[in-house]
Amino acid sequence: MKQIQVDLGVRSYPIIFSQNLMSCGEHFARYLQDKNILIVTNETIAPLYLEKLQTVLSSFNCVAPVILPDGEQYKTLEQMDSIFTSLLQQNLGRDTVLIALGGGVVGDMTGFAAASYQRGIDFIQVPTTLLAQVDSSVGGKTAVNHPLGKNMIGAFYQPKMVMIDIDCLNTLPPREFSAGMAEVIKYGIIWDAEFFKWLEDNIEQLKSLDAQALTYAIGRCCEIKAEVVARDETEQGVRALLNLGHTFGHAIEAEMGYGVWLHGEAVAAGTVLAANTASGMDLIDESIVCRIIKLFEAFDLPVSPPNSMNFEDFIRHMRRDKKVLKGQLRLVLPEAIGQAGIYCEVSDELLETVIRCA
């Protein structure tokens, strides 16, 4: 078992990861003693792992779980209300711990419910998708979507623990695995050139779900995320770099309809748009763009946006991006493999050219 600490003072917490972790109840003990426990999961994950987790936690006071529909299109206030209703109907108070068993949607909704219910209760992340394991479960971003924008309603609220069972990836559909790899690749682009090169050299090992390769990749991503969050918890500075590709990507998700493109797919296409924008500003040369595209393609990820989207479609959604400051669009752009920056003065003319030529 490996452990990484997210250092946030009194709100610090561990990320633990290994194979077969979900069979080990002792990792939960310190957080669940004398607590009521409500597991939140979805219709896809429940048949795979709910009973297993309930069995491991049988010595604790687990109440009836909440099983949500599966998909980004259900990441709404309406669906989150079912968590609140369950808490209230079961007369659960502040001595309750929520456990998010699932991917990013389950984790985001459970975390936001924990932040909101009775002004804050504890929660634990048990991410079952690659994307959630390397990104969304760590750092305390919790939210639901709005028809006008992704993750627009939410809070920063840290979990008590993140427990990553790498064996969960054995039941992950290939398309979902590829979507998670988009976020893995992102870390190499913005932070760690050696890690990017390692990914280029270990494509087949990762695609075959080699446990050693997955353990290293997930661990490195969590190390980077923990370091960034410790330096900038509420995204006032360096944490914004983690949004590489997301401004374009969120526009794709919102325009196409949540769930049509997986989040990681939209991030991959958005990252290529960001790389081409950086190339157009002479921040990087074309060889770097080609390396980024080649690595995304190796994991069967899209490298261009939907044909149906034009510049006007993108810019309408991008103007609502959470990084917009005083009405000015701010884009995360690569400056090299392993380095990125935030840019405010990107002309509409360049963006239109990049999108039109994609």
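A Cβ is built for glycine as well, from the same backbone N, Cα and C atoms used for every other residue.
Summary of the site annotation: Swiss-Prot records Zn(2+) binding at His246, His263. Screening the candidates Glu183, Glu194, Glu312, Glu335 against this entry identifies Glu183 as the one listed for that site. Taking Cβ-Cβ distances under 8 Å and a sequence separation of 6 or more, the neighbours of Thr129 (NAD(+) binding site) in its chain are Gly102, Gly103, Gly104, Cys168, Leu169, Leu172, Glu176, Gly180.
Each residue contributes its Cα atom, and for His263 (Zn(2+) binding site) and Gln73 (NAD(+) binding site) those atoms are 11 Å apart. In this structure, Glu183 (Zn(2+) binding site) is part of a helix by DSSP. Within the group of binding-site residues (Asp70, Glu183), the Cβ with the highest number of other Cβ atoms inside 10 Å belongs to Glu183.
Thr171 (NAD(+) binding site) falls within a helical segment according to DSSP.
Shown are the binding-site residues Gly104, Gly107; the one with the most C-beta atoms within 10 angstroms of its own C-beta is Gly107. Annotated Zn(2+) site Glu183, His246, His263; additional same-chain residues within 8 Å of its Cβ mean position, judged by their own Cβ, are Leu131, Asp135, Ala182, Lys186, Gly245, Gly249, Gly264, Ala266, Val267.
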